[in-house]
Structures are given as C-alpha cells and as structure tokens.
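S.K.: Take this structure first; my questions come after.
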C-alpha cells in the first residue's frame, strides 16, 4: 500500500514539472503580442573599411566648407553642410555647429541629415540673426551666424592668372623673381596696403621687449554695452595675449535723437550726454558707481560723428550674491563729425578691391 502511494505521488510531481517546463517555453511574438511572428532585425551597413584607402590628392573644398578627417579616422574630406545627408563616415561640418540628425531614419539610424545645434544668434548692425542663418551685409561677401560668431566668405573668387613659370617643354624656365605674379601685378599695387591688416603695428621699446599692439576691434554692439579686443605683448612676459575692454558707443533708447539738441545756426552736435548719471549693467551685474558717459552726436546733413579722443577707465561691477569684478572700459572724451561715415561694427568698412 505504501509503495502504491509513493508511486502515485512521484508520478503526479513529474507530470506537474513537465507541464511547467512546456508552459515556460519561449514563443516567437511581435511587439503587439502576436505569437508565431519573429522579431525583425535590422543590420546597419558598414561604411568604414580598414585598412584605410585614401585618394592620392586631397579634395578642394568650396569657400566656407571645412576640410576634416572622415568619421572613420582615415581620409580628409569636405565636411557636409546643412541639409546634406550624413552617416558615420560622412560627417557634418563641426566648425559650424552641425550634427547628424538620424531621427528620420528609424529604426535603422543609418543615414541622417546635417542640422544645426541649438545655440545663440548674432547681432550685426542692429539686426539680429538666428544661429545658422546666412545673410549678405556686403555685396562682395556672404556671412553665416554660428553660435554668436559671424564668419564670412567671398562671393566672387578672382581667377588666378596663368603663372609665368609654366613654360612649354623644352623651353627655359622664367627667372624665379618673376614667377607667380600674374597679370594683376598685385605686388605693384599699393591699394591693399591701406587695409588695417597691412598697417604697421605700433611699436615701443620697453626694457628688453619690443611692445606691439594691434588696433582695437570695433565694438561688438552698435548700441548698449559691448566688447572690443586687441592683441598685444605689453605684459611682464612680453607674450602676445588678447586683451578685452568694454565699450559703450550709444544707448539703445529710441529717443536718442530727442536727447541731442543742435544749437541754432549749427548743423551738428558732436557730443551729448544723458540727462542724469546711471549705473552700467553687464552680464546681470551693475557698476558700483553711477556714470554719465559722453556719446557721439548727430548731424542734420549727411555727416556722422565718431569718437576722436578717448581714454581707458576701470569699472567695478557688483553681482547679486556672487561677488564683484573689474573691467577696463573705453571712455569717449570727444567726437568729430565727418563725411566718411561707417557703422561702428562694420567689419567691411576698410575693404579694398585689389
């Protein structure tokens, strides 16, 4: 009797174990729960091949297009531009803040489109441009706003004249001093020397250092508080460093013309000041003192007034619960009105066609 009971219990346990094993067996199903359908597996195409095989000559990229190494780390290629297709090998232009957006190629995520990262825009001549926006402030140049910085490329590229050194076979080569000048004879033209990039730097001997300094750049803002910079080695180590200073060309108030009172019988008022002193505001911090700066005025004719004399002052700013800091600032002392009118931030004001 005991043997029969033991065999019955053993058979019951084995039967339950087999049922559980069969019930836990995996079934092919789709994400929707339909049994019998296998999951679809996507395999991405391999775009990189090793060892690297690059063309003998580097590609020539159009103006404004970066020459970068491909995503495989092999060859130099022209970076993809906004709206171009991209992948792991064909990367987007990193110098323009571009990235490859694969959201339109789900679920493979193999091919994307170059798009701009979210970033701040640019302000140029009192006009605001969005990040990635292309604009043309000058007939000869096209500009692009990238994360608060402006980069420009020429619209017209002069065709290089044939070199005098390229002679037919069997001919004697031209003397080296005459090679590469072309028909424009740019070396004989003195017009390019009027550009600020070709002017001699201000030089001063100080101990054993020949002090050099570039001109201050135009103010980054045409109204309100801006920044200008220059490069100089006027420091203890006689090293070339970038210096920055604040600049306040004109207030951004629309009632500026009402604040300027031109005397009767005159056509210009070179300078003007605000009715009362006010504190400067910079990066959310305010100056410890109130100032009444001098601004350049206006003319009734087509003349414009620009700074003539200025000096540097030190302004201390206090920040709420974040301490204080000091900045050097341009302080205008006098202005002059002239016919040669240029925008304070016009980077094309000194362009000359060679």
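Including glycine, each Cβ sits where the backbone N, Cα and C put it.
Grabbed the feature section from Swiss-Prot, which reads as follows:
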- 1-23: signal peptide (SIGNAL)
- 44-117: domain 'IGFBP N-terminal' (DOMAIN)
- 48-72: disulfide bond (DISULFID)
- 52-74: disulfide bond (DISULFID)
- 54-75: disulfide bond (DISULFID)
- 61-78: disulfide bond (DISULFID)
- 86-100: disulfide bond (DISULFID)
- 92-114: disulfide bond (DISULFID)
- 208-253: domain 'TSP type-1' (DOMAIN)
- 219-223: disulfide bond (DISULFID)
- 247-252: disulfide bond (DISULFID)
- 268-305: disulfide bond (DISULFID)
- 268-342: domain 'CTCK' (DOMAIN)
- 285-319: disulfide bond (DISULFID)
- 296-335: disulfide bond (DISULFID)
- 299-337: disulfide bond (DISULFID)
- 308: N-linked glycosylation site (CARBOHYD)
S.K.: Within 10 Å of residue 337 (disulfide bond) by C-alpha distance: pick out those among the disulfide-bonded residues 48, 86, 114, 252, 296, 305, and say none if nothing qualifies.
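M.R.: Within 10 Å of residue 337 (disulfide bond): 296, 305.
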S.K.: Between the Cα atoms of residue 247 (disulfide bond) and residue 219 (disulfide bond), find the distance and write it as a whole number of Å.
M.R.: 6
S.K.: Report, as a single number, how many Cβ atoms besides its own are within 10 Å of the Cβ of residue 100 (disulfide bond).
M.R.: 20
S.K.: Tell me, which disulfide-bonded residues from 72, 114, 252, 296, 299, 335 are within 10 Å of residue 223 (disulfide bond) if we use the C-alpha atoms?
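M.R.: The disulfide-bonded residues passing the 10 Å Cα test are 252.
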S.K.: Count up the helix, strand and coil residues in the domain 'TSP type-1' (208-253) according to DSSP, in that order.
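M.R.: Its residues fall into 0 helix, 21 strand, 25 coil.
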S.K.: Give me the non-local Cβ neighbours of residue 335 (disulfide bond): same chain, 6+ apart in sequence, Cβ-Cβ under 8 Å, ordered along the sequence.
M.R.: 270, 271, 294, 296, 297, 305, 306, 307, 308
S.K.: Looking at the domain 'IGFBP N-terminal' (44-117) alone, can you tell me the average pLDDT?
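M.R.: Over the domain 'IGFBP N-terminal' (44-117), the predicted model scores a mean pLDDT of 86.
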S.K.: Measure the Cβ-based neighbour count of residue 296 (disulfide bond), defined as the other Cβ atoms within 10 Å of its Cβ.
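M.R.: Around the Cβ of residue 296 (disulfide bond), 22 other Cβ atoms lie within 10 Å.
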S.K.: Roughly how many angstrom lie between the C-alpha atoms of residue 319 (disulfide bond) and residue 86 (disulfide bond)?
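M.R.: Approximately 45 Å lies between the Cα of residue 319 (disulfide bond) and that of residue 86 (disulfide bond).
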S.K.: With DSSP assignments reduced to helix, strand and coil, which class does residue 54 (disulfide bond) get?
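M.R.: Its secondary structure by DSSP: coil.
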S.K.: Could you say whether, by DSSP, residue 75 (disulfide bond) belongs to a helix, a strand or a coil region?
M.R.: coil
